[in-house]
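Features as listed in Swiss-Prot:
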ACT_SITE  Cys50  active site, nucleophile
BINDING   Thr49, Cys50, Asn51, Arg52, Ser109, Glu114, Thr115, Gln116, Gln120  substrate binding site
BINDING   Gly189, Ala190, Gly191, Glu192, Met193, Ser194  NADP(+) binding site
SITE      His99  site 'Important for activity'
Amino acid sequence: MFILTMGLNHHTAPIDIREKLVFKETEEEMALITLLQEKSILENVIISTCNRTEIVAVVDQIHTGRYYLKRFMANWFQMDMEKIEPYLFFHEEKEAVNHLYKVTAGLDSLVLGETQILGQVKHAFEIAKQTGTTGTLLNKLFREVVTFAKKVHHQTKINENAVSVSYAAVEVAKKLYGSLENKKIVLVGAGEMSELALQNLAGSGIADITIINRTKANAEILADQFQAKVGTYEEMNNYLSIADIVLVSTSADEPIIKQKDMQILMSQKSTSMLVIDIGLPRNVEHDCSYIPNFHLYDIDDLAGVVSANSLERQKIVLALENTIETEVQNFFEWEKQLGVVPVIRALREKALEMQEITMTSLENKLPGLTEREYIQIGKHMKSIINQMLKQPISELKEMSVENDAPTSIEHFKRIFGLTELDITLSEKTQEQAETRS
């Protein structure tokens, strides 16, 4: 089994490609199940955010796994494989695990050190686990990377004062207008990005803030926090006609601000308008950028501002490289030891079987034993067995990560009289126990 990651992100693909390859949350379970049915795919998790679409998979062979991952992407999004392929990246085994650690900790994000991706990765794993597309390897891996990312944010404080996309949006507005005093702003969408933007706008002298959202209750909650007004979708163009700045961030699948509407609106408007679209797929039709005085920015346009991350946080990233390498090494040592788990289980079961035989013999030879005495003897015998097995099992685990592991394990099995039948029966017993639980 091999760990293989395939994806595209803000490093490898422009926004006009990324927005075509986003998995809708409502279809994610079906996508996971469909991918699992592909040849070579044994486990999978799909991570799909505004800046990346990545699939982490366990495959039986690397070369067939790569092909079937690409084929799945092409089929799911109904695009030619040749059109997608130039934007895809692949990471195998240690590179794949290293990459996932960095992604989850926010070290590969457009916004270095941001914590939003941690929640997104955790959510992606939970959906895959509930859907039944993860197994032993990915369950262990994702638990480890989530725990690591939480520790990184807590111990290094890399996320403190992180330059966010919403911050960058506000900086672009300041650059265009010089001062935001007395400006009118409209926020379309009432999610986390809008809330962050409002926090960054605090104290800038904005004269008028209007929040528009399909679910009015969500807009009202945000409006109460920032003394803003609430508008409706039906009246959106009326609010835009008097706005200086518009920030758009919704989960809509198609643009909600159309070129034909904006052409009319801007022809009747005497002032310019800055529109910042941080939705993916994009919420504003790209052709709007050709309208005079309509200044349109999308996520990729904000990258230059975001890249102004502090030198101090960059140092933290470099310092974490060695820590991540250690985590990756530990994971693969654990994976190697998986191969001896059935052997250990069979050894324990054989020892317990011998205990049961001995206890039965003891009961027959010493019928005068009380129940309490019988139980105490059984406990002591089990303790002796555990102590006797502790060192051999520890040595077996050490053998499993050495170069000649297969030969050493075979010697171990022969010394303790373990047959393939013993191991097979032990595995079946374990499977039955897991099914019952």
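Note: Cβ is positioned from N, Cα and C throughout, glycine not excepted.
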Review point. Tell me which residues of the chain lie with their Cβ under 8 angstroms from that of Gln120 (substrate binding site), as long as they are six or more apart in sequence?
Key: Ile47, Thr49
Check your understanding: When the number of other CB atoms within 10 A of each residue's CB is tallied over all shown chains, which of the recorded positions Cys50, Ala190, Met193 has the maximum?
Key -> Ala190
Study note, to complete from the structure: Rounded to a whole number of Å, the separation of the Cα atoms of His99 (site 'Important for activity') and Ser109 (substrate binding site) comes to 11
Exercise for review: Mind checking which of Gly189, Gly191 has the fewest other CB atoms within 10 A of its CB? They're the binding-site residues.
Suggested key: Gly191
Review point. Should any of the recorded positions Cys50, Asn51, Ser109, Thr115 have a Cα within 10 Å of the Cα of Glu192 (NADP(+) binding site), which are they?
Key: none
Point to revise | Which of Thr49, Ser109, Ser194, the listed binding-site residues, has fewest other Cβ atoms within 10 Å | key: Thr49
Study note, to complete from the structure: Residues lining the NADP(+) site besides Gly189, Ala190, Gly191, Glu192, Met193, Ser194 (CB within 8 A of their CB center) are Leu187, Glu195, Leu196, Ala197, Leu222, Ser249, Thr250
Revision key, fill the gap. Nearest to Gly189 (NADP(+) binding site) by C-alpha distance, among the recorded positions Cys50, Ser109, Thr115, is Cys50
Check your understanding: Expressed to the nearest Å, what is the distance separating Met193 (NADP(+) binding site) and Ser109 (substrate binding site) at their Cα atoms?
Key -> 15
Check your understanding: Taking just the CA atoms, what is the gap between Gly191 (NADP(+) binding site) and Ser109 (substrate binding site) in Å?
Key -> 19
